[in-house]
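Asks: Below is a structure I'd like to ask you about.
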Amino acid sequence: MLGITVLAAILACASSCGDPTFPPNLSARVVGGEDAVPNSWPWQVSLQYLRDDTWRHTCGGSLITTSHVLTAAHCINTNLTYRVGLGKYNLTVEDEEGSVYAEVDTIYVHEKWNRLLLWNDIAIIKLAEPVELSDTIQVACIPEQDSLLPGDYPCYVTGWGRLWTNGPIAEVLQQGLQPIVNHTTCSRLDWWFIKVRETMVCAGGDGVISACNGDSGGPLNCPVEDGLWQVHGIVSFGSSRGCNTYKKPVVFTRVSAYIDWIKEKIQL
């Protein structure tokens, strides 16, 4: 049975984690996916940057404490100004009920992030002020250090990424079923081969349902006991041939490989 890591008092920012007030519809199919139930993934955030006096969605992320968001290192450009949208469902509605925008204090990119090889694709955003939790804004659970999920374990990727390769960005939050692909399979020659490291986790690859551009940094949500959810992955990369390419599952940064690093950064 998979345990929920509380990380002592650090990650215990709420009485519970990974427990949405509004449960997701798990029959839904990001590319090939469907609209999520509003606020059913309440730790999902929209990372936005400012250009020409307009805030634009660039990546997803997961709220892991009231002050910290987990995202991908490749989402971060030190020349940009960011804000974090929490409690969001429809990105076209600025003043959406139950949502807030948080300013950013500090961004911690993994010290060994490799932009060429996409190793250590993880970052933590510290918010300028703690956010108030509600039915629409909650913290995610994260797994125990080094825990692994078996092949075909049913997880869900969520985000506002492109609805299909080179297509439009989604207006409302999407979700898609992405079963885990074990490392042995994902590292086969005709899959991802040596590009996939053991600090990564693959999911999907059926050629139908997939994450896409704009989903980067967002969570791979996996069910555990008592109806709770853990974020086991951070959307990192996919195939240059298209977002839903057969035998090219989405590759996620495996959160359980970085628990010690996460704990270190959120104590700063």
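Each residue, glycine too, has its Cβ placed from N, Cα and C.
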Asks: Mind checking which of C186, C222, C243 has the disulfide with C212 in Swiss-Prot?
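Replies: Checking Swiss-Prot: disulfide partner of C212 resolves to C243.
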Asks: Have a look at Swiss-Prot and say which candidate in C75, C202, C222 forms the disulphide with C155.
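Replies: That would be C222, the partner Swiss-Prot lists for C155.
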Asks: Which one of these recorded positions has the most other Cβ atoms within 10 Å of its own Cβ: N25, N182, S216?
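Replies: Within the set of recorded positions, the most crowded position is S216.
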Asks: Please report the number of other Cβ atoms within 10 Å of the Cβ of C202 (disulfide bond).
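Replies: Around the Cβ of C202 (disulfide bond), 26 other Cβ atoms lie within 10 Å.
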Asks: Are there recorded positions among H74, N90, C141, C155, N182 that sit within 10 Å of S216 (active site, charge relay system), Cα to Cα? If so, list them; otherwise say none.
Replies: H74
